[in-house]
């Protein structure tokens, strides 16, 4: 086990190595080009000492057939699918998106990024995942303090990350921070098997010693990122409101057209019924020499026009919500745009799925929680159109 750039420490001195590597840690920078921002094209500089990073050329990824995702699984969901298939649904909240999107989420939330590179065939991978990464203390710590992202070393963005971070052993974890749209700062690296307490200690030291300094070094950039995120959210809300108004207008016009057709049909039936009654009336006899009076035309009584009715709630468009439970079960349910977050909670409670307890609804990307303060928010205002996936996040 080793952490940071140091490698090859024996397992007997693991705790001392962890403390030394955290105390002597020096931050490195890496530039992100197209292969990871759509990928990485330059590697992370390696250090010859703890204090002087030395850049080097990007080494090609190891040769061999890559682990390809099944055709029905998107590339960004491949790690998620592989990990849950083997280790279950209890694990850190990994963002199911590309690495560039995880960096943007971290910049918006003011957090560091925890990167995990998964090698399914390495002998240390399974005990590390079961005993350390999926333990309650590590899951709780990562979800509270980091934006977590993972990749399979031989598939998707995994080979590019392996070539850039150049792990000496697996399992491999790193703590990185977004610097700009093209660069990241590598604040910590952990290689090989570590225990729950050792991993949490490393991560806590990294936050204490590097996180505050990193955030303080870029307040203007963080403020700009927050403003940009708010602008994007406002624009999305404006577009959602515009779509909702257009759909409501279309539903109203359709209802009005139906009412007008019914009115025309009713008038036509009234006129058709009045004509036979007029023809069947008996004609009076007239004395000779007197001209018969022309029968008077029946008067038509116009019915007062009906008031225009508002669009029926049944004509409102639906949104589909996929709800993912901690036990891996998924449920798909349709709701109206006028329904609220409270209606989604009522639906979840009505299912009676055991073991949930106290919980809140979470949208994975961009990560947003919907708790007590959002119960009255409509699904249209929340932007849940045409579909969205929500996770059940259990509360302690």
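Every residue gets a Cβ built from N, Cα and C, even glycine.
Lifted from TrEMBL, the feature list:
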REGION    45-65  region 'Disordered'
COMPBIAS  45-55  compositional bias 'Basic residues'
REGION    213-320  region 'Disordered'
COMPBIAS  230-248  compositional bias 'Basic and acidic residues'
COMPBIAS  255-269  compositional bias 'Basic and acidic residues'
DOMAIN    314-392  domain 'UBX'
Predicted model, mean pLDDT over the domain 'UBX' (314-392): 86
What is the three-state DSSP composition of the compositional bias 'Basic and acidic residues' (230-248), stated as helix, strand and coil residue counts? 19 helix, 0 strand, 0 coil
Residues in the compositional bias 'Basic and acidic residues' (255-269) grouped by DSSP into helix, strand and remaining coil: 15 helix, 0 strand, 0 coil
Just to be sure I understand, if DSSP states are collapsed into helix, strand and coil, how many residues of the domain 'UBX' (314-392) fall in each? 16 helix, 30 strand, 33 coil
